[in-house]
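**Q** Got a structure here, written out as structure tokens. Questions coming.
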Amino acid sequence: MNKPRFNGTPVASLDSLSAMLGIERKRLDWIVKSVSMSYKQFKVETGKNKKERQIFEPKRSLKGIQKKINKEIFEKIDYPHYLHGALSGRDYISNAAVHTRKRTVICLDITNFYPSISKKDVCSIFKNLMRFSPDVSLCLTELVTLNNKVPQGGCCSSYIANLLFFNSEYNLYNRLKSMGLSYSRLLDDITISSDKDLSSEEKTKVIKLVHGMVNQYRLSINESKTTIEHSKDSSSKLSVTGLWVKHGVPKLTKENRRYIRYLVYICKKQGAYERHTKEYHDLWNRCSGKVAQMSRLGHVQAVELRAILSEIMPVYDDYKISKLKLMAKHYLNKFTPPLTDDQIRKIDRMLYDFDIVGRTNKNLAKLYRRKLVALLPDR
């Protein structure tokens, strides 16, 4: 299968859409009109350069509807095997695995992808891929976009990113396949690879084909991030979505593995004399994530490093635990169901904190966790 296929039943009316989403028609109309007020905005730092990215998180009512849209619509689509990211069993590792042991690897990045996806193209997904009626398609488009764009942080945004090129990407895939090339896309990262060395003309042709597809959607390729690597070049990193693909399976580079060992060494030294500061908690969590990545990629060193980290897990001091107890009592006295999104976030954070308390006081942690969990809705 080279083209996305919707396996659900087309929705023909707004009343049918309301029924599918499990809400009354009047409430659906109200939510559509209030979408612009239904997001929380914040910034996160991404990448090595700590670039700030705007994130828009839907509030509780809209989030519930978007999750329902995912379940009833986007999760009923068969996605082509060349798509990776935000799909079950398909992530940056499976994406890199497509391009192992290749002679030539070309990586391209779509500029400012999510905010550049137009409302018109989102509507086309519902209307022309799912075959929904025009008014249903427009209503759904309003529910999953913000200010005429696809918001980063929206529950449906990554599905939309995967489906944007539904009517043209399969043509590009087939064209490249006929040329003996492998193609994959991890959301905004496009990779093409070859079992043979490509000539300059062939590489130029491949890149032009990708440009042609994305330009149809008023998008562009970030030229500064375009890379072309060759296995015969000893200085080449041969990297796809951050992983080394020179051999049969994706791996971390030696430099990355060495850096992770160094981080764990620093963590072990610091953990020998204090494990309760915020700085130590942040360092340990960072190390833990890196070691988990090593484990997923089959690096045997991960077992040893995980054992070291398990002996120096972060803890809280008595002062912090006293503050948590007071805060938990406040939540238990003041919070009453149904909880707001903010209250749910606070309790989730508190449960995380009491997991850490459990490392030094299991009975206390168990007591407060049981009480706090009782406040949460079924999820």
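Cβ from N, Cα, C; glycine included.
Values in this document were obtained by computation on a predicted structure and should not be read as measured data.
What Swiss-Prot shows for this protein is this:
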- 1-245: domain 'Reverse transcriptase' (DOMAIN)
- D109, D188, D189: Mg(2+) binding site (BINDING)
**Q** Among the binding-site residues D109, D188, D189, whose Cβ has the fewest other Cβ atoms within 10 Å?
**A** D109
**Q** Cβ within 8 Å of the Mg(2+) site centroid (D109, D188, D189 excluded): which residues?
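**A** After dropping the recorded site residues, what remains is L108, I110, F113, L186, L187, I190, N222, K225.
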**Q** On the 0 to 100 pLDDT scale, where does the domain 'Reverse transcriptase' (1-245) sit on average?
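**A** Mean pLDDT for the domain 'Reverse transcriptase' (1-245): 95.
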**Q** Look up D188 (Mg(2+) binding site) in the DSSP assignment and reduce it to helix, strand or coil.
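**A** Where D188 (Mg(2+) binding site) sits, the three-state DSSP reduction gives coil.
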